[in-house]
Each structure stands twice: as C-alpha cells, then as structure tokens.
Amino acid sequence: MKKMSRNVLLQMEEEDDDDDGDIGDVPASRRPFLTPHTHLPSSLVLENLGQTIIPDLGSLESQHDFRTPEFEEFNGKSDSLFFNDGQRRIDFVLVYEDESRKETSKKGTNEKQRRKRQAYESNLICHGLQLEATRSVLDDKLVFVKVHAPWEVLCTYAEIMHIKLPLKPNDLKNRSSAFGTLNWFTKVLSVDESIIKPEQEFFTAPFEKNRMNDFYIVDRDAFFNPATRSRIVYFILSRVKYQLINNVSKFGINRLVNSGIYKAAFPLHDCKFRRQSEDPSCPNERYLLYREWAHPRSIYKKQPLDLIRKYYGEKIGIYFAWLGYYTQMLLLAAVVGVACFLYGYLNQDNCTWSKEVCHPDIGGKIIMCPQCDRLCPFWKLNITCESSKKLCIFDSFGTLVFAVFMGVWVTLFLEFWKRRQAELEYEWDTVELQQEEQARPEYEARCTHIVINEITQEEERIPFTAWGKCIRITLCASAVFFWILLIIASVIGIIVYRLSVFIVFSAKLPKNINGTDPIQKYLTPQTATSITASIISFIIIMILNTIYEKVAIMITNFELPRTQTDYENSLTMKMFLFQFVNYYSSCFYIAFFKGKFVGYPGDPVYWLGKYRNEECDPGGCLLELTTQLTIIMGGKAIWNNIQEVLLPWIMNLIGRFHRVSGSEKITPRWEQDYHLQPMGKLGLFYEYLEMIIQFGFVTLFVASFPLAPLLALVNNILEIRVDAWKLTTQFRRLVPEKAQDIGAWQPIMQGIAILAVVTNAMIIAFTSDMIPRLVYYWSFSVPPYGDHTSYTMEGYINNTLSIFKVADFKNKSKGNPYSELGNHTTCRYRDFRYPPGHPQEYKHNIYYWHVIAAKLAFIIVMEHVIYSVKFFISYAIPDVSKRTKSKIQREKYLTQKLLHENHLKDMTKNMGVIAERMIEAVDNNLRPKLE
C-alpha cells in the first residue's frame, strides 16, 4: 500500500478545539465527498473519498507521512502571479502563522494546529493541487501557501461543477440601436472600447472531459480564466478533510480559518489598482476597473458590467447590473417627483386654508383645546402657521398625481428589469444555473440519514428526518417571531416617549409667537416631539439591526439550507422581515394610527390607561411623516457610507502605519493583498438589503415625500462608485460565485410594489387632508351645507374645527393652570362633531360621514385603477424579449447539433473500425476453408 496516494487524516481522541459551528461533523464513512484520484471518471469523484481507506496514523510523534508544500524564497518580482518557476499560476493563497515562532506558552495547542494544517495541506496535494510556500517579507512569522490547480484537476472539477465553457464563437449578429442619431451621446456615457475591449461571445455547454475536442480550446492556459480557476480551487478547499476524531471527520478551509489555523484564504488581485503590472502577460483588469469604474471621474459613465463579471464573478456582476438599472429608472421618478414638489412650492401662496391659519383675524383668534391633561395650555391656531405653509408643498394635487405615477413606475421597473435580467442570464451563461449548483459543505457534512428518492428510487442522504425538519422550522419561526415582537415593543416605547415628552415640551416651550424670536415660529411642541422621537427611533433601529444580523445568521445556520442560494434566500427573508418591521413600523404608526383614535377633549382615549393618545397638527400628520422619512433615509445613508467607506479605509490606514518600518522592502502581490480588508460571505447581502430598504421608502410612503426618489438617485449614483472603490481598492478579491438572478429580492420587491399601492392610497385618504378639502370644496362650501354662492376653499379651517365647551372638561384637564390666553368658554379641536347644545352634541356630523365615504371610494377607485394598469403592463411586457429567446434557442440547437454530430462521428468511426475488423476476421476464417 502506497501511503502517498491516499488521504492523511489525524486520528485523535482529544477534544477538538476548533468548535466554531461553521461546518458540521459526521462519521467519515457516511458522507460522500471528494476523491484525490483525479484520473477517475468525474461521476465517481464525489463518491469515492468517503470510501477511501483512512490509515491509522497512531500517535502524533509517529506520523511522518505528510506531504508538505515546497518552500521557496521570494524572487523579488512584486507583480508576479506565478510560482517561482514562472509557469504555474497562483489560483489561491492560504496564510498561516508559523507555530514555532509564535510568542505563546500554549505549545500543545500550537502543535495540534500545526498537525491539522499539515494533514490538510497533505490532502490538498493528494487531490492533485500543487502548493508552494513562501515566508513573509515584512513579518517572518507569516507563511503564504500558494495553490495551483493543474490542467487535469481543472478539467475534472469543471465537469463535476457543470461549468459552461466555450464550444464555438457566437455567430448571431447584434441588433443595431434604434436610436442611431443618439450614438454620439451614448459614446460619451459608455466606456471606451479601446481601453476595455468587448469580450468575444461564445456558444457554451457544460464541460465534459470525454468530449474535450468539441470545446473551443485555443490555449490551455487561457481556457479557464482566473475567476473560474479560483472558483474550482475554492470548491476543493471547502471539501477536503483534515482530521478524524472517533470516526467523525473535520473538513473545509472555512473551519480552519474560523478556528485560527489559517489566518486568511483568498484569490489574488491581478495588479495594483493605481498602476499597471510590470508583467506583460497581466491583463491589468483591476487597474482598468479602478480607472473606468471606481474613479470619481467616471461617475457619469456606464458600468463595464462584462469586465466586472469576468473579474469578480456573476454574483457581483448581477448586483451592480441591478443597482445600475434601478438608478437609471430612478431618474424618471426623480424628475416627476421634483416637478410635483415644484408645483406645490409655487402654489403654496394660493393655499387658502394655510392663509386662514396664518391670518391674525382667523387663525390668530381661534383658541385650540389643550392636547394633554393638566400641563398643556390652550393655544392659538396661528402658531402652526409655518408648518401649514410647508404642508401646502407636500399636500397638494401634485402628490396625488405622483402617487399614481409611482404605482405605474414600480411596475415598469420590475418588468423591464426581468427582461434585462434574462439578457444577462444568456450573456453570462446562467440560464440553467440551478442544475449546476452544488450542495453547501455544511449541508453535506450532516447528511447522515438515508432515504429512498421518490423519483429515482435510489438511496440518498439527507441531514435530518421529516420530524427533525419540523422541529427546526418551528424553532426558527419562534425565534424570528420573538425578535419581531421585540421591535414592536421598541416602537411602543417610542410612542410612550412621544406621549410623555409632548407634555414637557408643551409646558416649557413658548405659548405665543414672538416676532423677535424666529425659532419660536418653527419649534412648536409637535415639531420638537416629532424630531426628537425620529432621532431616537433611528438610533434604536441601528442598534437592533446590529444585534439581529448575528441572530438571523445563527437561525439560518441552524436551519441548514442545502445550497448557497437557498441559504441566502432564507437569510434574506428573515432579515427583510425584521428590517421591514424595524424601519417602517414608526412610519406606519404616524401614517395610519397617530391622531386617528383620540376621542375628543371631553372624552379622550388613553394609551395603556395612562397616556392620552397623540393628536396631529390641524393640517394632519403628513408633515410629521415627511420629517420621519427624511431623518431615517438621510441618517441611514450617512451611517452606511461611514461604515462602508471610512471603516475599511481607517483599518487599512492603521495597517499601513504598523508596517511603515518595512515599507522600503519590495513585497509580493500575495502579501499586499493579505493586508487588505476581508469581505465576509454576506457582504453583498447587506448591500442588497440597504437598497431594498431604500426601495421601500421610495415606493411605500412616496405620497408624503415626492423628493424621496431624488434623494435615492443621488445616493445610488454615489453608492455605485463607493462600492466599486471599496471592492477594487480596500478589499481582498472575492471568490467568484455564480448567480442567475437577484434571488429572493425579486419577489420581495414585487410584494413591496403591491403593498405600495395600498399604502399610498391610504396616506392620501387618511393621512393627508386632500379628501376633506375636496369634499368641502364640492359639497360643503355651497348650499345646502355652505353659505358661499360658488365653490371655494374659504371657511375650510373654521368648518373642519369642531367646538368644545370648556365647562365640559373632565377633572383631569379642568382647572388648567395656564391662563395667558384669557378666560374662554369654548375651544376648538380637529374633528367633525356637532357643537355643544346640539341634540347630538359631540357626535360625528354629516360632514364626517361624507368624508369617510369619499375616502373609502377614493381608495377603492385608486387601487383598482393602478392594479388594472399594473396587470396590463405585466401582461404586455414579456419577461424575456424575443431577441433573447432566439439567442437561447439558437445556442441550444447548435450545442445539441454539435455534440450530437460529433458523437455520431465518433460512433460511426468506431463502428467502422469494428466492422473492418469483423470482416477481416471472417475473411481470415473462411479463406482456409475455401482453399
């Protein structure tokens, strides 16, 4: 038995010390995994490793059969991407700290870690990978292990992973643009093709070793691009074992990094981002991306999506394609939103009801009832003059038009994005990605239960039984529900804060407008309460976000999804559900609950039996909702940019400061990349989450803030370049990953789009005063209900404020200590009720029922109209364009034809040879008999 041809696993009875929970452990004999024998058929590669005989290596001191990487000194070529021989390309880098040079007293722990690492590297070599180790130039404790995958290994695992590779050049011509006259404009916005050359298009098919001659292999070194090579190597690194404890195997580079045995594992950038490589064979793709994509001077240019996909993989590429398309569509929404805002701004002087609020003989003489018990004073209506002027800007007819427009816009965006996504699926060879995706190592590790597949009727392994799955789902759902309840509790806390602090502000802030103090015009008790509550709400949101991110990851790890796509979709739904409640709950409260259930001054409604419910300003709660949205959107954008830009930059700056003593030394490419910041596996997930939350603000509450699309547009233009700068300059190169679409974010956006129609209709109906104003204008300003001879808005304020008799106050608010406004027998409050002395005093009047009927009718009409338009647009715009369908069908046809014809040729050739041999044999047998 040759020891060097099989796996080397440590057999130890000691307790394992790298319990990070990242990857599960199972009996080695019960889990299918990789095989080191790359000459085996690819269909057997994933099955044979678990069946490989594991030798008993005895004690730690007696194990001398590790295969170790070659140690080489750095050759001084800082831009080299190859081993010292200059021939073998570096596909991955592993970094560890030499245990013999660690300044620590834990010798036993260091020895264990060294043995695990040696076993792992030995098994990598057994699997066909080639390793070369080099000690750090700046820190002699660090060792860099460079990994190279030979041609045979790449071909074997390309077939296992169903990687699509070129068959022949694409012969379909690109359709010329319909806007030929605008070519000069598009050239200005596009990347110069002389700098970033367009990628040659190919027809592709899943790679098969036995049909290698059918594939378009011009140069073996270029057939697998660097991103594909790194992806294949990472697939192997994630599945190779390194230890056996009580017949339970440990495996995977993720576990080794998490437990500190390796400090990092990453593919290399191809050059520095500020200058090109000295190596003439280097494509300098990182430099080109920085210059034409991440640099501020390229902010107006289109993104080089094909190069982004080639360098970082389809998963990164599809994110930037979606973000760019979303930003383009926001341009139209921003233009319409600004137009509606300007309409309201220019017409605010014609706002009759605002003039009545500010008029000293109307608003100045209307005495409003106290809005809380004991401490709140009577107050004059005209102290809300400035807020009523601002409200005229947002609560106008333009808001209604914009809300209807946004309902249509979001449908257009989603439908056209589906078409664009279908084009990218074809161009980037991800049309049949679901057939390619492999199970996660964490899932494979727990496949201990054997069941019969209903379709194939063959045995297959699953991680848990149906009962175990039910238990996991129940526990995960309970945990998510608990955290949502926690958020709701925090929202209730904010409401209690609003109710209690409003009393304080009402007592402390001035009761009358003093013309010499301009601050008094804006700092009303309502405004002060709204702003401080919004800031506190934002702080609580960010704190809960930080905590729940970790909780959601733990819950999803426990749930154990099968593939990486399933994992991210599961985490996406949990995180978005949490974020939806976290970010939007306060906005829903202001829009649909605040001021809706307050009763009237003589019989107020109390929250928790103690706090009197909040009331809106005489103009409604729309302005407060606008304030809340502005603070949360603005604060979130500032906070995210601080996290995304400043933190990585500061960390890298600190790292450079610590390395300044050795800065005069020439450092290799792998050491330069090691000192960049690592980007977690969920780094892209948080980018999506940030944008989807913004998408919710732009669509769900846009009726209260028409400038939201403009703010989102400016933020996204910067976000694209900030993310690009971050990836190309501050972070290590990510392991390229495949992605067919944006995953669970697509149905989430569709759900938001449906909900947005309802929320905007209800905001206009119940939060703004548009419907009451229209009802007054068309019905109550003229006889039989009104006194005016023509339709007008004059008298609207007086008509919408009900009268209350001070003598009817209950003891809690009777005997108010504030008497600055004089002794009054009546006060006014915002509601539609009969006055005192009426047979139905303090009951809702006819105006109230007219308004309710109009609101309900408006919601039904608006929803049905927009939903009808949305349905028509969705039906009229196919998800896949006719051109893309033709390309997909053409590729399938040519692929089948090419592979089938070649297969027939091989069969015919083989049959011909067999027939010739048979004829020759028969001839040889018959000839002697005839003679």
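A Cβ is built for glycine as well, from the same backbone N, Cα and C atoms used for every other residue.
Residues or ranges marked as compositional bias 'Acidic residues' by TrEMBL: 12-23.
The region 'Disordered' annotation in TrEMBL covers 12-34.
Marked as domain 'Anoctamin dimerisation' by TrEMBL: 82-305.
Annotated domain 'Anoctamin transmembrane' per TrEMBL: 308-891, in sequence order.
The annotation transmembrane segment is assigned in TrEMBL to 319-346 (among others).
The feature transmembrane segment is assigned by TrEMBL to 397-417 (among others).
Long-range contacts of the transmembrane segment (480-507) within its own chain (CB-CB distance under 8 A, at least 6 residues past either end) are made by residues 370-372, 375-377, 525-526, 528-529, 532-533, 536-537, 540, 544, 548, 551-552, 555, 574, 577-578, 581-582, 585-586, 589, 607-608, 611-614. Residues or ranges marked as transmembrane segment in TrEMBL: 480-507 (among others).
According to TrEMBL, the feature transmembrane segment maps to 527-548 (among others).
Per TrEMBL, transmembrane segment is recorded for 575-593 (among others).
Summarising the annotation, TrEMBL assigns transmembrane segment to 691-714 (among others). Within its own chain, the transmembrane segment (691-714) has Cβ neighbours under 8 Å at 323, 326-327, 330-331, 333-334, 336-338, 340-341, 344, 394, 398-400, 402-403, 406, 410, 576, 579-580, 583-584, 587, 591, 622, 625-626, 629-630, 632-634, 636-637, 745, 748-749, 752-753, 755-756, 759-760, 763-764, 767-768, counting only residues six or more beyond its boundaries.
TrEMBL lists 748-768 (among others) with the feature transmembrane segment.
Within the chain carrying the transmembrane segment (846-867), a Cβ under 8 angstroms from the stretch's Cβ atoms is held by residues 403-404, 407-408, 757-758, 761-762, 764-766, 771-772, 774-776, 779-780, 785, 799-800, 831-833, all 6 or more beyond its ends. What TrEMBL records for 846-867 (among others) is transmembrane segment.
Within the same chain, residues 322, 325-326, 329, 332-333, 336-337, 339-341, 343-344, 698-699, 702-704, 706, 709, 746, 749-750, 752-753, 756-757, 760-761, 763-764, 768, 770, 862, 865-866, 869-870, 873-874, 877, 879 sit at least 6 positions outside the transmembrane segment (397-417) and bring their C-beta atoms closer than 8 Å to a C-beta of that stretch. Per-residue confidence over the domain 'Anoctamin dimerisation' (82-305) averages 84 (mean pLDDT, predicted model). Nonlocal intrachain contacts for the transmembrane segment (319-346), taken as residues 6+ away from its ends with a CB within less than 8 angstroms of a stretch CB, comprise 302-303, 305, 308, 392-399, 401-402, 405-406, 409, 412-413, 416-417, 420-421, 424, 684, 687-688, 691, 695, 698, 702, 706-710, 712-713, 716-717, 719-720, 723-724, 742.
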